[in-house]
Amino acid sequence: MSRKQREEERVRGIFGRRALLLGAGQMGLLGFLAHRLHTLQVDEGERYATLAEENRLSARLLAPPRGRVLDREGRVVAGNQLNWRALLVAEQTSDVSATLETLTKIIPLTDAERARIEREVRRRRRFVPVVVREFLSWEEMARIELNAPDLPGISVDVGTTRVYAEGEHLAHIVGYVAPPAERDMDGDPLLELPGIRVGRAGIERHHDRTLRGRAGAVQLEVNAVGRVIRELDRREGVQGQDVQLSVDAELQKSIRGKIEEGTSVVLMDARNGELLAMATQPSFDPNVFNSGVSAAQWREWTANRATPLINKATNGLYAPGSTFKMVVALAGLEARAVTSGERVTCPGYMDLGDTRFHCWHRPGHGGVDMRTALKLSCDVYFYELAKRVGMDRIAAMGRRFGLGVPLEIELPGTRAGLMPTREWRQAQGRPWALGDTVVHGIGQGFYQLTPLSLATMTARLATGRAVQPHLTRAIGGRPVRGTRAEDWPSLGIPDRDLRLVREAMWAVVNEQGGTARAARLPAEIGTMAGKTGTTQVRRVSREQRERGFRVDQMPREWRPHALFVAFAPVENPVFAVSVVVEHGTSGSGAAAPLARDVLVEAFQRLRPGQGGPAARVAEAPRSPIPPVRP
Amino acid sequence: MKFERRLLLRERGSGVFEKLWQIPWVFVLLLCAVAGVGYVALYSAGGGAPDPYAGRHAIRFGFGLVMMLSIALVDIRLIARFAWVGYAMGVGLLVLVALHGQVGKGAQRWIDIGPVQLQPSELMKIMLVVALASWFHKASWERIGNPLFLIPPIIAVLIPAALIFKQPNLGTSLITLMIGGAVFFAAGVRLWKFAILVGAVAIAAPIVYENLHDYQRARITTFLDPESDPLGAGYNIIQSKIALGSGGFWGKGFLQGTQGHLNFLPEKQTDFIFTMLAEEFGLVGGLSVLGLLASVIAFGFLVALRSRHQFGRLLAVGLATNYFLYVFVNIAMVTGSIPVGGVPLPLISHGGSAMITVMIGFGLLMSAHVHRDADLGADRGET
């Protein structure tokens, strides 16, 4: 019994130790769990709290409406139109393909469209709407609504789309929008929204940030599968601001109606550089880009030799011809290479070495001073003057007038053009001969200037100030730049020099014998001062000259370009205009009358000054600019 | 004197009312508290309503309570006598489930007995403890030292472990082995034998790994680096840690747990119920629950130490270890400390099978307490 008891005690003792060991081990492990809880909930608690918020919260962006583009008179030239779309929510229908089958009977869907829809339905979660069709007509919408009971999962909602009321008339200025590409992603979360558009060209691109606005956001609580539970916070976005242009859409349209393919017209407010119209032919419909350009359309545009996608007013490059002579004259006066009264004899040509440079007027102009040389556009006078002044000083003066330098216009991709210099030529490894200077004295040669820069030059001639061409008049209703000439720095050219040139330009249009006398403005509208230019596209050979060729017998693409620059009214310049007619044959014949028509219309529509131009008595023309005494 | 007391006590434990008096009501209250915590958690998991989890949980617990108290009154000697019958029935059920069981969650684990779905592997663990306790009950120290004496109980552990592993249910299979090991340990099996076992496992582990199911291997790999597959197998662990961690010290408040309510937390009403609690009640709540569960386990050991017969001692240690393993594996799993194993937190998480079997176990534990002084004839065999 006692042995049995001892044995019992022994077993119990061993058990007691082992049970305590086991129990202590288990409590130790539970202690480890307690420590683990502490680590997760206290030491790393904040990190997990953040992760939990990220889990729970989902921000959805609200797209603000894109700002509009208005013309000078407040007409909407780029606006937003409601875009009715049919959407499909897969979870609301038991059979997606059956729904689409029914829908096809109401609005025909192509196989490609159906494939895209079914692909998107598969890829996205079942409660995310998939766009079935955009730009629904009223009729289509009505038909969908009418058949709603047979179309489970189909709903109609509204977004916005860009619409350009003036279509091709302002396409080169306003530009267009398109869905953003990878390179457009600038960190703005707005761009990731479906259906968003970014400015791709013109004002739409330049002012893209302003027009786009800032995205609003709703903070949503979502569950694990992404379904929205409730809205926690809403932050309204900043609406895109309206951009008002200086361009008058009606004037622009009217001008475009007057011009042919290859013609550019730039009409500027000479006082402040505001562009009133900038028309080229041909153009394109910017609305097409909104919904996507078809490959065929793109091929048609790019294959067209008339380059409808390119704005020739800002990107077409031309030699200025005789419209450049004012710059040469001013360079001569500044360099004191000539006085205004000095006469140069024009026998119809100038010989330099064994090369003979002809004046356009074969019999010659006889003795001409600067005013007469400009008025008659005597080439020999400017050959001689260029020879005296030198190309570098001519080019420097040209750049002061905005020629061959980048202009601050709000059109991305605008070309600066080229103002040739000896240095430039030598950089190409070619020598600069005196003959080159002579030829450049009449605006021929290596110049590559845009119609826009020629209009800028004219405005600067008219005001003596370095006005910059621009298109933006106001953003969000606030004017952006000074509208007065005084806001622009002076060119630093003596007033008497400028007056001489202006007066000569007045004579070009208004005096007997002036090259553009036929294009003078009707007396009741006002007076303009201008300068013609004709630039050769092909060199005329000696034999042709001797056979007495006529340009109007040449093939069209060989004919010279016609140019004209002008400002008006002469007394107090408001308008500056440049016209380039490709292969227009003659500046006085093709470009000057067009410039006149443009100015007449500008006067009638825009009525510069209080109450419009006063009726004036038709008398013998008299220059309003007092003649400059030598 | 001692003899007299024993007589007296035996007398005391014979009547039903006397037995009811002996039932450890503090322990019953403790279990009610744990089940209450479960009700609160399931109320929250049900989106702030007794449906669909909490109400059923309460009914099930009530049913379990009656069953547990009934078992507590069953004479411990009767239990000891039918220990191996119960074991045989458990193995029979496992075989049955292997042949006709329902396929759920990629494993054959359930069997339909009338309206109740039963998981025989849960029941098996209890039966195994009873059987092992009865085997070692009469063993003397010398006898336990005899390797031949250990062969039958080892086989008795390996048969259910193998059957459960074949289901396949790696987690429960391992837990079964561990429970067996705990009883062996408490019974006094020499420590060097455990050392040999550990060595054998170290050698066998790579071989076993080769034969694991893909999803079981995935669980082990994602355990080592859950972030490697955040949307796949690692999702549960990461989301559970996020929910737990974001609870912080004081928690987000009852019904305010975002991760659970927004369904980021998977299986929140079953395996991840503790995460739900810790998210809403924070570290304070988590530690309180952990303390409550530790008390339940500690009570098991207390019963073991106070029992006057080896059967009761081993039974109590085995059953306490059974519950401990549920608690530890589950909480270690939701805190990302061990691989996800699909182990519930009985009495708290939703699901009847684990709760009923655990309460059967506690019934047996209480019977051991009520009959702690019963004479089971401590014949140590050598005389």
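Placement of Cβ uses the backbone N, Cα and C atoms for every residue, glycine included.
All TrEMBL annotations are machine predictions without curation.
Per TrEMBL, the features are:
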- B:20-45: transmembrane segment (TRANSMEM)
- B:57-76: transmembrane segment (TRANSMEM)
- B:83-103: transmembrane segment (TRANSMEM)
- B:148-165: transmembrane segment (TRANSMEM)
- B:171-187: transmembrane segment (TRANSMEM)
- B:281-302: transmembrane segment (TRANSMEM)
- B:314-335: transmembrane segment (TRANSMEM)
- B:347-366: transmembrane segment (TRANSMEM)
Cβ contacts under 8 Å made by the transmembrane segment (B:171-187) with residues that lie 6+ beyond its boundaries: 121-122, 124-125, 128-129, 132-133, 136, 139, 144, 150, 153, 156-157, 160-162, 164-165, 194, 197, 304, 310, 313-314, 317-318, 321-322, 325-326, 329, 341-343
Stretch of maximal Cβ-Cβ contact with the transmembrane segment (B:347-366) [cut-off: under 8 Å; candidates B:20-45, B:57-76, B:148-165, B:281-302, B:314-335]: B:57-76
Contact call for the transmembrane segment (B:281-302) against the transmembrane segment (B:148-165), three or more Cβ pairs under 8 Å: no
Beyond the flanks of the transmembrane segment (B:314-335) by at least 6 residues, Cβ under 8 Å: 125-126, 128-130, 132-133, 136-137, 171, 175, 178-179, 182-183, 186-187, 240-241, 244, 271-272, 274-275, 290, 293, 296-297, 299-301, 303-304, 307, 341, 343-346, 349, 354, 358, 361-362, 364-365, 368-369
Ranked first among B:57-76, B:83-103, B:148-165 for CB pairs under 8 angstroms with the transmembrane segment (B:20-45): B:57-76
Non-local residues, at least 6 beyond the ends, that sit with Cβ under 8 Å of the transmembrane segment (B:57-76): 16, 19-20, 23, 28, 31-32, 35, 38-39, 42, 50, 309, 311-312, 347, 350, 352, 355-356, 359-360, 362-364, 366-371, 374, 376
